[in-house]
Each structure stands twice: as C-alpha cells, then as structure tokens.
Amino acid sequence: MQKIKSLMTRQGLKSPPESLNDLGAFESLRVPGKEEFRELREQPSDPQAEQELINSIEQVYFSADPFDIVKYELEKLPPVLNLQELEEYRDKLKQQQSAVSKKVADLILEKQPAYVKELERVTSLQTGLQLAAVICTNGRRHLNIAKEGFTQASLGLLANQRKRQLLIGLLKSLRTIKTLQRTDIRLSEMLEEEDYPGAIQLCLECQKAASTFKHYSCISELNSKLQDTLEQIEEQLDVALSKICKNFDINHYTKVQQAYRLLGKTQTAMDQLHMHFTQAIHNTVFQVVLGYVELCAGNTDTKFQKLQYKDLCTHVTPDSYIPCLADLCKALWEVMLSYYRTMEWHEKHDNEETAAAAEGSNVMSTEEATFDRGYVKKKLEHGLTRIWQDVQLKVKTYLLGTDLSIFKYDDFIFVLDIVSRLMQVGEEFCGSKSEVLQESIRKQSVNYFKNHHRIRLDELRMFLENETWELCPVKSNFSILQLHEFKFLEQSRSPSVSPSKQPSATSSKPVTLFEQYCSGGNPFEIQADHKDEETEDVLASNGYESDEQEKSAYQDYDSDSDVPEELKRDYVDEQTGDVPVKSVSRETLKSRKKSDYSLNKVNAPILTNTTLNVIRLVGKYMQMMNILKPIAFDVIHFMSQLFDYYLYAIYTFFGRNDSLESTGLGLSSSRLKTTLNRIQESLIDLEGSADPTATLTAAEERKEKVPSPHLNQLVILTSGDTLYGLAERVVATESLVFLAEQFEFLQPHLDAVMPAVKKPFLQQFYSQTVSTASELRKPIYWIVAGKAIDYEQMLLLMMNVKWDVKEIMSQHNIYVDALLKEFEQFNKRLNEVSKRVRIPLPVSNILWEHCIRLANRTIVEGYANVKKCSNEGRALMQLDFQQFLMKLEKLTDIRPIPDKEFVETYIKAYYLTENDMERWIKEHREYSTKQLTNLVNVCLGSHINKKARQKLLAAIDEIDRPKR
C-alpha cells in the first residue's frame, strides 16, 4: 500500500492513507483483481474528470497515520438523515474509489516490466546462494581430513622454530642497543670535525632506533643521553652560525643550514642569524674604537672597557680619528659583505630547490619547504634595512663624538670621502639614501665649510692685493682637468679600478662594490691607497726636466723656469693621453718647442697665479660637493662668492671710473651694474672696521662679508709708455674671462648635483654673473682708449682751423695728420705690449673700437666748437674726415668704422632746410645739446633766418628738458 502511495505521489496525486487493515473495513475499497482491472481500463475515461475526482478526496485519507474510517464517516453524518443525500454521497465515494482504483491499475501495469526483471534477479541470486552452500560444505569436509592428518610432533617442531626466530630477533636488538650506547664517541668526533649535518643525522637516527626499543628498561637512560647530546649540538651550531657574520664561508654555512634543516628549525636559524649580525655590529665597532682609544691612552687601564660606545667615541684623538674611521668602515664592510653573501647563498639554493621540487612528487613536503623559503626570503630582505640602520647609528655616533671643525681641509675631505663611500655601500646594500649619515655630517660640513670659506675669501683678498698681474705661462692645451683638484671628475666617469686591472668588458652595466669586492679586498682600503697614489701622481715629473740637453733646448724657445710648480705637475698630452717620451732628439725637441711657442702665442690661456688658485679652490669645493651632495647648494653658493669677489676686484682695480657713465655710451650694461651692486651689497664690507655700536645682527652679517681689495702699489696704471697698464689690464680682465669659461665648463657638473628647488639660483648665477665677465672689457679698456690718444690736443688744433673759407680746398687740415700720428703711435705701443702679453683679438678690437669711437666723437665735438662755417668749410670737414678714414683703414681691420655715420650725419645736417632740420633734431638725440645748438647757430644767415633759429632752439630745449 505504501508503494502505491509513493507511486501516486510521484505522479502528482494524493493517495488515500488507508492501510490494508483499513481496507478490511470497507469491502468497496479493496484492491481490484485482474478482471476488474481490465474492466476498469475498458471503461471510457475522462482524465480531467478523474483527476478532479481524485483531487476532491479529503486530505485525511492521504494521511500516513492510521485512523478509523467508519467512525470518521459516521461522525460526519448529520443528526437528521436524508436518504437521498446519503445515496448521493455514497455514489460520490464510489466514483472516487473507481477513479483511485483505475489510477492504481494504470500505475501497476506501468511498473509490470520492472517487476518481472526484479523477479528474475531474485531467482538468479537464489541459484548463486545454493552454489555457495555446496562450496562451503566441501571446504569443511577437506579441513576435517587435514586435521586428522597432522601429529603432535609436527606441532612441537613448529613451536621450537618460532622460539628460535624470536631469540635471533632479540640478539639483533641487543647488538643495536650496544651500538647505540657507543654512539656518543662518534658524535663527539663529528662535532670536532664540524660535521654538524652528519652528527644531527646520526643523533636523529639513534633516537629513532631507540624509540623502537623503548620497551627495554635501559633505553630510557639512552634517550635522555641522546637528547642532551642533541641540545649540545644545537649550542655548537649556534656558535658556528655566529661565525658567519664576520667571515662568510660557503662550505661552513652550507653545513650549518643543512644541520638546521635536519632539525626542522630553518626559521629559528634565520631569527638567530639576524640576532648574531646585530651583535656582531655592536661588538665590532666597540672593539675597533676601544683598540684605538687604549692605544692613544698609552696604558692598560680597563676603565675604557666599561664605557658605553657613545662615551668611548669621545676619547678618540684627532690624530687617530681617520685611521679609526677607516678601520671601523672596513670592519662594518666585512659584516655587510657576509650578509650579502648569505643572501646570495639562499637565492642560489632556493632556485636549485625549486627546480628539484618541480621534479618531485611529495606535495606536502614541497609546500612546507616553499613556506620556509618564503619566510627566509622575507626575513633576509627585512634584515637588510635593519642591519644598515644599525651600521648608520654606530657610524653616526662615531662621527658626532669628535669636533671636525679643527681638521685640515684634506683630512676633512678624506673623512667625507670615507662616509660617502659608506653611503654608496648602503645604497647598493639595501637601496637606502642613508638619511641618518647624511644628516649627521651635513650640519658639521656646513659649519666647517663656512669657516673654511671665510678663511679662503680672506686669502683671496690677500692674493688679489699682492697680485702684480703678471702672466702665468701655461701650455696651449692647458685644461683644468690636468689639475690634481679636478682628477675626481675623470674618476667619477670611469671605474674605480686601475686601468691595468680593468676588464675589457663590453657590458655597460655598472659593477657594484659588492660584486667587485665579493671575492676579496675592501673598498675602504682602496680609498686610502688611492689617496696616496694621487699624491705621488701630482709630484711626478713631466719627463723633460731630468735631461739637461733637452732642458736647454726647451729653454732656447720658451723657458718655463718661471712657471709655477703646480703647473709643471702631471702634464699629459690630451690628444694621445701619453706622457712625453724622454729619449727624443734635440732637433725634434726644438721643433716641438717652436710649435708649442707658436701655439702659446695664439691660444695659450691668459691667467695669473691668483686665477689658478681660485680654480684650484673651486676644484676643492667641488670635491666636497661631490662627496656630500646634500650641501651642494651651500658649496655652489660659496663658489659663486669666489667668482663674485674676483669679478668685483677686477672691476675695482681696473674698471671703476665715474667719468665713464657721463659719456652716455652705455659702456656698463644694466645687467653688469646690477651684478656689481648685488656683489657690493651682499659680499663687500665697505666699513673696513668693526663698529662697536652695531647690533648683533649687523655684526653677524658683517662676518659674511669681505673688505674691498686694494690694488698693489707695484701696479702702475698711469704711465703712457705702457698704455696705462694695458698689459696688467689684459691679464686681469682676460683671466676673469678665462675663469668664467671654466665655470661654464663646470656648469653641467654643478647642475647635476644641485637640488631641483635650488636650480634657479644656479641659472641666475650663470645668466647674470658669469656671462657678464666679458662685459667688463668695455669699461676697463675704455680707460686705456681715453688716455692713449691726446683728444684735447686735437680739439685745440681744430679750433685753429678757419672754416668760413670761400673756396673749396683740396688739402686736408693738419689736425688729421696729428690724429693719425696718434693712432700710429698707439698701434706701435700696442705691438710693444703684445710682446709681453698676448692680446686676444676681441681685446684688440675693443681697444681700436673705443679709440676710433672717441676720435670720431672728438671730431664732432671739434666741429661743434666752430663759430662760423661756410658751405666750403663743410666740404673741407668732409674732406678731412674722408682722409682720416682712408688712412685709418690701413691701420686697423675693424669694419665698419665705429661711429662713422655719427660724424657724416652731423656734417651733412648743415645742408638741411628749416623743416628737415627740425625733424632731424628730433630724430637724432644721440648728439649733445651743445652740438645741436652750434649746428643751428652756424647755419644762421646762410639758409636759416632768426625766426627759424628760435624755433629750432626751442625744439632742442624741449628735447633737453627731460635730461635735466
């Protein structure tokens, strides 16, 4: 019945819940037979109507709980029975029964094939069980036969054999236990041999074997002994791990790592390793500093050993400061190199293990190993920053323990060089910018450099005041890179190894310090050696001085006996890079010196000893800036002050002349004036002595300033024979131009280290100061030009000329010859000066331009002094000027002649009509009021009347009014 209900449920029907017992209550609800099924199927059916009948059956009939159907139906009857209603209800129940029976019949017929198939399977199973029963019966019969065939003796033999096997096993166990008891001797030997993996492997195997025999009473004591041995191995292993921190050995470290891996303590080993590195840094720096302190103290007092590291650093003497710092950095380098090689080892073995794991099949062990490798990698990467931070703090404490302001410049530079190399190590070690080290030395460097710079400025003033402005002869191919102070520029562009050891590798990838010194050596040892080598290079001979024959030939043409010693050092040909060979013939040397002399005359730089000192000072400043880039701005600012002071001194000595500005020729550009005013306000102490009433702020400001320099009394600038000190003026001015050129050459190097926010200062310095150096030529050489020609004498000669002639003259006036004679004399004296000092073409052109410009303006001034002039007189003026130009062009190559139009335009203005002259006066404001007024007065009576004269004079006055 349950099966029928489940079938009806899957068909979406609600089956009545009556059981077989319930069916007995109503005969009408019994299961129909086959005949009845057939009749039910043959009856015409309406599926929809049947479904509605089934749906109309009450829910209680589908309940799984048993209940009394008869009682249920009787209780439903009303108190008053109605026969018709009862019959209708009965018919309804019959219809519902019929519908359910028909549905059940359909479902049974539908499942008939499955029933047949299941019945066949049951029959087959029954057959198999019967066969199994037969086999079991046969087996029991055979067992009984075998049991009856064995005797008691056979069973006894088997028991003895079993006992024998047990005794053999016991003997093996006893021998193994005996071997385990003697294992401690072998373990001690292996520990002495530092075979930690083997010792641990043996100990673990013994423990594993002992656990097999734990049922023996003697094994418990052995287990305890093995555990103690294992702990002893771990202690020795930790000691071995600590040795890695100062001297990394691949084989040693490989054994240690294998041992920790066998113990399953790879992560613990890494934690211990970092602790040992931290301890190694502390112990190393303390021992190094303690050694120097005790050495300098000269006694064996143990009080220093009880001091803290910070207090110990204050006891380092200045003499031992640099060696101690170098040894400190060497020792710290060894620690960091060991850490670097440790990371290399792990990286290499990680790759090997990853490749091996890819071929293996043990997934669980591979995952665990991968996790360990990941932990070790992260720990090592994190340790980089931590270790470098410890190194920085230790070195910072050492640096701040001594006052560096008392050090000599070279010693201070060497300290900075060591610290800079250490910061380079830090950047390669972990990518750190070493803020701790930079900050610790930046303030000291700035303070040191301020004091140093102040002393250098005072020295520069002393040099300038003692300078006689004599030419310092140098080679035609002289370059500041040949100077010792600028060697670092070439070294910074080449590898730090010597050329003989430099590999001929084509790869452009830079070699790090760790790669370079991984197999041996120390970058801080190279640093000290490098300094010694440079000192020897500076003192080296140039290869000519040792041979007297060659030296005499050299002196025949260009003796360099007066060349400063610093310029004789380390001369190398720029074209070949080779030192001149000593074994050359006298003739070859002579011809070479002739060509050198010629080059010197044409191209040799013009500079003085003071200029050279400034250049050397700039090189030293750049060395400090290159080593300590955070103070680059301060250093460049001080460098600019060196140039400013040199420029101001040249202007003060040779270019300051109030009469220059009155000419109105714009000899000093507005940019040059602004620069000079800025220098005077910011750098020059004009008071000369301290004012006791000055405020503290003013006193501090004056400390930053330098008194204005005074020209050496030996320099004579008033002699006409020397063209008023032209040689000294040329040397001074052109040395400034040369200095500016060197600053231009160094600009890319300065720009590379200047902080981005400060680069506008550098750009302004170059655009407003360095570029104005050549502009000093005009005011300085103008003073020579103003005195070299006797312009006053020419004016007197012009005043004696009669200009109101009535006929056209064919002969020029005598003042023209006098002026040309002055120019010839000027040219002669200029040639005399050029024998002492090479006069560059730009200087020669400026001198000639100034002289010609002054001469032409003097001519106009002379014409403006004329009281009466006729048309023929004006023609005579033109004749004189043309004659002057024709002869002048033979003396100079300057084209066009300066201010030529200035004279010609003034002469031609005489012929202008009233209206044209008024317009001309307004357009030509380059002429003075006197010159314009004289022009109008001279024209009066010829072609201008008095009324027109008044009008023109009023126009001139109107033009002149804004100038007052």
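Just so it is clear, glycine is given a Cβ too, placed from its N, Cα and C backbone atoms.
Among the ranges 532-563, 564-595, the stretch that Swiss-Prot annotates as region 'Disordered' is 532-563.
Annotated by Swiss-Prot as coiled coil, the relevant range among 81-107, 675-701, 918-944 is 81-107. Here Swiss-Prot gives coiled coil for one range in the set 216-244, 245-273, 448-476: that range is 216-244. Swiss-Prot assigns the feature region 'Disordered' to residues 1-25, out of the candidate ranges 1-25, 176-200, 351-375.
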